[in-house]
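Features as listed in Swiss-Prot:
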- LEU114, THR115, PHE142, PRO143, SER144, ASP145, ASP232, HIS235, TYR257, TRP286: pyridoxal 5'-phosphate binding site (BINDING)
- LYS258: N6-(pyridoxal phosphate)lysine (MOD_RES)
Amino acid sequence: MSNDLPTKKDLVKWDQEDALNWTRGEYEIPNSKACGGEADGKAIYFCGNSLGLLNKKARQHIMEELDVWSTSSVTGHFNHPYQRPWKHVDEPLTPHLAKLVGAREEEVAHTSTLTSNMHNLFTSFYQPTEKRWKIVIEKGSFPSDWYAVHSHPRLHDKVLRPEQIDNAIIALVPREGEDTLRTEDILKVLDDNKDSIAIVWLPLVQYYTGQLFDISSISPKVHEIGALLGLDMAHGIGNVECKLNEWNVDFAVWCTYKYLNAGPAAIGGFYIRSGLEDGGRRLAGWWGNDARTRFHMSPNFQPTPGAKGYQHSCTPVFSSIPLLATLQLIEAVGFSNMVEKARRLTGTLEALLKASRYHVHPADPKGKIGFKIITPAAPYRGTQLSLVILPEEEHVMPKVFDRMLRKGLVGDERKPSVIRLSPVVLYNTFEEVGRAVEIVEEALEEEEEERKR
């Protein structure tokens with residue numbers, strides 16, 4: 001993209017020339033009015049970082065599974081007319097997921113939900129001692145991660161003293177006046193606490209700011225001090241390149257309902273590095289038993305080698321099958337091509353937003369209606385841009401968000417003051433990016449006019 005701002009004609013032309021433009025036709029685009037808009041027609045859906053859209057083949061796959069349930073019932077576990085027997089429903093997904101996260105197939109499991117998987121892995125790999133018991137986590141982490149991490153030191157009250165439990169969490173905070181964490185500041189915290197840290201827990205992409213963490217620089221320091229590195233990849237998988245093996249990450253969890261379009265509250269997954277020892281601490285369930293003997297109903301647990309040995313219950317069919325359609329589509333188009341298009345889409349959104357008269361600069365007068373972008377510049381981000389709606393102290397964000405929604409732009413709000421916009425490669429367009437910026441400006445202009453009355 002040149003330094004000149006693209007015109008509407010440019011945006012239409014880019015869509016026409018886009019080699020991936022056909023993938024939009026694979027998805028069902030929501031109706032604006034059904035989403036709270038004032039007019040009928042397709043919404044501009046920039047909320048795939050919260051819930052991805054329905055793939056048309058996913059609808060087909062779900063209907064097929066309903067038919068199997070109807071006609072074959074329990075025998076669908078073993079004999080399946082579409083060659084997806086339910087007892088092996090995760091197997092077609094594993095190769096795709098492993099490739100997507102940069103891992104070996106035996107290191108990946110497809111099961112449960114993100115926080116439950118997080119608890120599962122922390123139970124095995126958080127093994128505090130008198131000298132090494134602390135967990136590093138960002139202060140602004142997603143609340144479920146924050147709650148989960150805080151709960152684990154309390155489970156070790158036979159090993160840890162009350163004062164150790166009270167001081168088990170090291171919370172990373174940005175510098176004063178900044179919105180995101182600097183890598184050098186994270187490394188300093190690790191150095192300053194090198195003898196007491198057991199686990200470093202970070203997101204790959206931060207849910208609120210959209211920051212992509214430099215894991216390749218952080219991981220060596222984590223292991224140098226003798227700690228383990230765990231990642232929350234909820235906003236990373238399907239959004240940015242993931243290289244868990246290359247980065248030497250110890251364990252990770254993710255969900256599939258955002259960029260992988262598996263549906264509301266769909267199934268999660270996790271990764272465990274080959275060779276990572278759990279010290280005999282494992283929460284066992286029959287789906288973690290060796291698949292060759294699982295249905296023998298033996299009282300003796302024989303874990304499946306690798307990550308699948310940490311599964312508990314059988315794989316939910318109806319929250320797994322929708323995932324297959326998007327994984328197959330990603331394989332067809334090539335994830336590297338998606339990353340390149342995402343760079344252009346989000347870069348265009350950023351450029352147009354920064355050219356807006358409502359983009360607030362530090363030198364602008366205090367109290368001005370507008371927004372600032374707190375998401376880092378490329379390459380330290382994925383598709384998401386987070387806009388802080390100003391002035392923050394006047395809490396105008398909900399009104400601006402509602403105006404945007406009524407005009408047909410579906411983003412999402414994160415209290416206290418952020419609106420997140422995420423143009424997703426598989427179904428959003430450059431023309432939509434241009435219109436989205438216009439809607440942001442219209443919503444802010446209405447707020448500005450209301451203040452003058």
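Here the Cβ of each residue, glycine as well, is placed from N, Cα and C on the backbone.
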Exercise. Quick one, of the binding-site residues PHE142, TYR257, which Cβ has the fewest other Cβ within 10 Å?
Worked result: PHE142
Problem set entry | pyridoxal 5'-phosphate binding residues LEU114, THR115, PHE142, PRO143, SER144, ASP145, ASP232, HIS235, TYR257, TRP286: largest Cα-Cα distance, in Å and rounded to whole number | 31
Exercise. Could you give the Cα-Cα distance between PHE142 (pyridoxal 5'-phosphate binding site) and LYS258 (N6-(pyridoxal phosphate)lysine), in whole Å?
Worked result: 15
Exercise. Tell me which residues of the chain lie with their Cβ under 8 angstroms from that of LEU114 (pyridoxal 5'-phosphate binding site), as long as they are six or more apart in sequence?
Worked result: SER144, ASP232, ALA234, VAL253, TRP254, CYS255, GLY268
Exercise. Near the residue listed as 'N6-(pyridoxal phosphate)lysine', which residues of its chain come within a Cβ-Cβ distance under 8 Å, counting only those 6 or more away in sequence?
Worked result: GLY48, ASN49, SER50, LEU51, GLY52, ALA234, HIS235, ILE237, GLY238, ASN239
Exercise. Using DSSP and three states only, what is the residue listed as 'N6-(pyridoxal phosphate)lysine'?
Worked result: coil
